[in-house]
Structure formats: structure tokens, C-alpha cells
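Enquirer: These came from Swiss-Prot, pasted as-is:
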BINDING   TYR14, GLY41, LYS105, TYR128, ASN174, ASN275, ARG369  substrate binding site
BINDING   TYR71, ALA104, LYS105, TYR128, ASN174, TYR205, SER233, PHE234, SER235, ARG244, ASN275  pyridoxal 5'-phosphate binding site
MOD_RES   LYS236  N6-(pyridoxal phosphate)lysine
Amino acid sequence: MKRNPHFVSLTKNYLFADLQKRVAQFRLENPQHTVINLSIGDTTQPLNASVAEAFASSIARLSSPTTCRGYGPDFGLPALRQKLSEDFYRGFVDAKEIFISDGAKVDLFRLLSFFGPNQTVAIQDPSYPAYLDIARLTGAKEIIALPCLQENAFFPEFPEDTHIDILCLCSPNNPTGTVLNKDQLRAIVHYAIEHEILILFDAAYSTFISDPSLPKSIFEIPDARFCAIEINSFSKPLGFAGIRLGWTVIPQELTYADGHFVIQDWERFLSTTFNGASIPAQEAGVAGLSILPQLEAIHYYRENSDLLRKALLATGFEVFGGEHAPYLWVKPTQANISDRDLFDFFLREYHIAITPGIGFGRSGSGFVRFSSLGKREDILAACERLQMAPALQS
């Protein structure tokens with residue numbers, strides 16, 4: 001059997017797996033130090049009681065011969081699709097356009113597989129590493145990095161003379177923590193329509209947006225229905241990281257160049273490749289949507305971001321993002337240190353594990369990412385260490 005040639009283009013280790021190995025090695029060699037890990041975007045707050053109760057009740061029903069059930073609908077429970085349409089999208093996305101999945105990352109893989117190999121895929125730089133790896137694994141003909149630089153407020157720079165088939169766009173952004181406003185998002189949508197580009201819009205952090213003027217969905221721009229697909233997740237807002245539940249929106253108006261409707265092929269694709277997300281997870285998701293606007297976990301993580309920002313600014317770092325996302329994009333000021341050494345510096349001097357920006361792409365060079373998804377006691381301890389230890393010096 002021949003090896004899949006696309007694996008040749010991957011790095012040996014996935015970024016976050018490699019970081020955890022380095023943290024484990026440091027702990028082994030320095031048992032006297034307690035490492036605070038702010039490198040991974042993993043949730044730390046427990047499930048809301050009503051969500052946990054819905055989950056447990058659903059599992060209990062599966063244990064009874066009178067209420068147990070087998071496969072659920074391929075496209076998701078009607079109750080969950082309808083509640084997302086009414087409560088999350090306020091009716092501007094129809095329930096039939098919402099497809100429930102087992103997570104945003106796997107949906108990204110499904111979508112790029114669905115559209116087939118030999119596509120030219122554009123990705124923000126810096127960006128979540130899975131975009132690049134999945135584009136490679138699914139046989140992208142060309143992958144174009146769109147620089148998102150500090151001097152341009154991390155807004156992507158689009159090429160003038162290169163055709164793009166698919167644009168992966170994330171807002172609120174991972175890793176920069178910044179969010180596109182309506183004018184910026186509208187400009188990207190119109191650019192996509194003009195250049196016949198499909199946007200895969202990752203809105204996994206949209207529930208962190210607190211400013212009502214900022215778009216939580218690309219479909220707040222009406223024309224996006226002709227050029228975009230949206231991916232979202234229950235992982236961060238509801239603490240479903242280990243439960244796995246997400247969704248994808250395919251607008252009914254979206255067509256291929258030949259006029260055929262994408263949603264028809266997507267339904268056929270899912271019927272063949274997917275038997276539906278976990279029923280207990282979906283029923284817990286219905287309960288979670290009822291409390292989402294008042295969810296304490298989101299406020300908790302926002303407060304973590306505020307604490308980290310104040311400590312980092314007081315220590316002499318430049319800080320971006322974090323207001324509408326659980327990530328802070330941090331730049332050491334007056335420093336002359338290589339990207340390779342940034343991770344080791346924070347681990348050695350502060351005993352804090354962060355993510356070096358270069359791991360998210362070339363344009364991440366010189367930055368590091370802090371996650372605010374940790375426990376409050378760890379965030380407070382990290383803030384204390386940042387203020388006591390020496391800042392980077394040139």
C-alpha cells in the first residue's frame with residue numbers, strides 16, 4: 001500500500017501536541033516549579049447545571065427499553081436546528097440550512113473534502129494551524145497565506161492577481177483575538193462575490209462578542225448567502241470541548257458556477273458519510289441555547305482576559321484582542337529575541353506556557369498567544385508572576 005502523498009507536506013508534529021511535549025519535559029526537568037499552561041484553548045468551567053441535567057436525562061432515556069432510540073437524523077435533531085434558527089440566528093437563517101455536527105474542526109475537514117482536491121485555498125496568516133494542515137490533507141492545489149499585520153489592524157491583505165477558490169476566514173480570530181466589524185466583513189463578502197470565491201467562515205468564538213454592533217455571523221451581511229458557509233461550535237461557550245457538538249450553515253441560495261445548489265450535494269454527502277451527532281449532546285445543546293445569553297462561563301473568561309491584559313500591559317508588553325475572544329495576541333516591546341526562544345523565555349522566566357506566534361504562520365513572528373480559558377486561580381497566579389519577573393529587554 002502506498003502512503004498518502006499529502007502527509008509529506010505536514011510538519012512532523014501538530015503545533016499544540018508539540019508544545020505539550022515541551023511543557024512535560026520542562027516539568028520533568030524542573031519539578032520545583034509549577035507551570036501554568038495558558039497555551040491551549042481548552043475550557044476549564046464545568047457544564048451549567050441545567051445542561052448537565054439535560055445530558056443526564058437523555059442518557060437515562062437511552063437506558064430504558066421504552067424510551068431508547070438508535071440513530072438520530074443525519075442533519076441533526078429538528079428541535080436543535082429550530083432553536084439555533086430562532087434563538088441564535090434570530091430567524092435570518094432557516095432551520096433547514098443548519099446541519100448539526102460533532103465539532104467545528106471535523107466540519108472544516110468535511111467541507112474541504114466535500115469541495116474536492118485541486119482548489120486554491122487562502123488562509124489568514126496568522127491562523128489556527130488546522131486550516132493549513134486540513135487544506136494540505138485534502139489535496140489543495142495551492143495554499144495562499146493572507147498576511148494579517150499589526151499595521152493593518154490584522155485585516156487580511158488580498159492578492160490582486162491570484163485566483164482564490166476558497167477563503168478560510170475566522171472572526172473573532174484565533175490567534176489574534178481581533179474581530180471584524182460590519183464594514184470590514186461586508187467588504188470581504190463583496191470581494192468574494194466579485195472574484196467568485198467561497199468563504200468558509202469560522203464563527204466558533206462569536207459568543208464572546210459583547211458589542212452589539214459587531215457581527216456574530218457572516219449572514220448578518222445579506223449578500224453572504226451567495227458566497228459563504230458558516231461553521232460554529234458549542235465547545236467554548238457551553239464547555240462542550242470533550243462532548244463534541246457543532247454546526248454548519250449552508251444557505252439555500254449558494255450555488256456552484258454551473259448553478260447547481262450546494263445544499264443539495266451537502267445533504268447527499270452527509271447521508272453517505274455521517275450518521276448524526278450524539279443525541280444526548282444535541283439535547284444538552286438545546287438546553288444550553290436557552291441560557292446562552294446569560295452564560296456565566298463567557299463572563300468568567302472575559303474577566304480572565306481583562307486580568308491578563310492589565311498584567312501584561314503593566315509588564316511592558318503590547319496587547320491586542322481579548323475583548324471579544326478568549327485570546328490575547330501579545331508582542332514583547334523593545335525586545336531582541338528569536339521566535340524559537342519566546343516559548344522557552346516565558347517557560348523559564350515566568351513558568352508560564354504560551355503559544356509562540358510563529359506557530360500560527362509567518363506573520364505571527366514576534367508575537368505570542370495567551371489563552372484566557374484557564375481557571376481563575378491560574379490566571380491570577382500568572383498575573384502575579386508577570387508583574388514580578390523581569391520583562392523582555394533588548
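Glycine is no exception: its Cβ is also placed from the backbone N, Cα and C atoms.
Please go over these features one by one and say how buried each is and what sits next to it.
Expert: For LYS105 (substrate binding site), the same-chain residues lying six or more positions away in sequence with a CB closer than 8 A to its CB are ALA130, ILE134. The secondary structure of LYS105 (substrate binding site), as reduced to three states from DSSP, is helical.
ASN275 (substrate binding site): 11 other CB atoms within 10 A of its CB, across all protein chains. A coil conformation is recorded for ASN275 (substrate binding site) in the three-state DSSP classification, outside any helix or strand.
Classification of LYS236 (N6-(pyridoxal phosphate)lysine) by DSSP places it within a helix. Summarising the environment of LYS236 (N6-(pyridoxal phosphate)lysine), the number of other Cβ atoms within 10 Å of its Cβ, over all protein chains shown, is 24.
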Enquirer: Under 8 Å Cβ to Cβ from TYR128 (substrate binding site), same chain, six or more residues apart: give me those in sequence order, or none if nothing qualifies.
Expert: CYS170, ASN174, PRO175, ASP202, PHE360
Enquirer: Among the binding-site residues TYR14, GLY41, TYR71, ASN275, ARG369, which ones place their C-alpha within 10 angstroms of the C-alpha of LYS236 (N6-(pyridoxal phosphate)lysine)?
Expert: GLY41
Enquirer: Which secondary structure state does DSSP assign to ARG369 (substrate binding site), in the simple three-class scheme?
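Expert: Once the DSSP labels are grouped into three classes, ARG369 (substrate binding site) ends up as strand.
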Enquirer: If you measure every Cα to Cα pair among TYR14, GLY41, LYS105, TYR128, ASN174, ASN275, ARG369, the residues listed for substrate, what is the largest value in Å?
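Expert: Of all Cα pairs among the recorded substrate binders, the widest measures 36 Å.
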Enquirer: Select the closest residue to TYR71 (pyridoxal 5'-phosphate binding site) from the following binding-site residues, measuring between CA atoms: TYR14, GLY41, ASN275, ARG369.
Expert: ASN275
Enquirer: Check TYR71 (pyridoxal 5'-phosphate binding site) against DSSP and tell me helix, strand or coil, would you?
Expert: coil
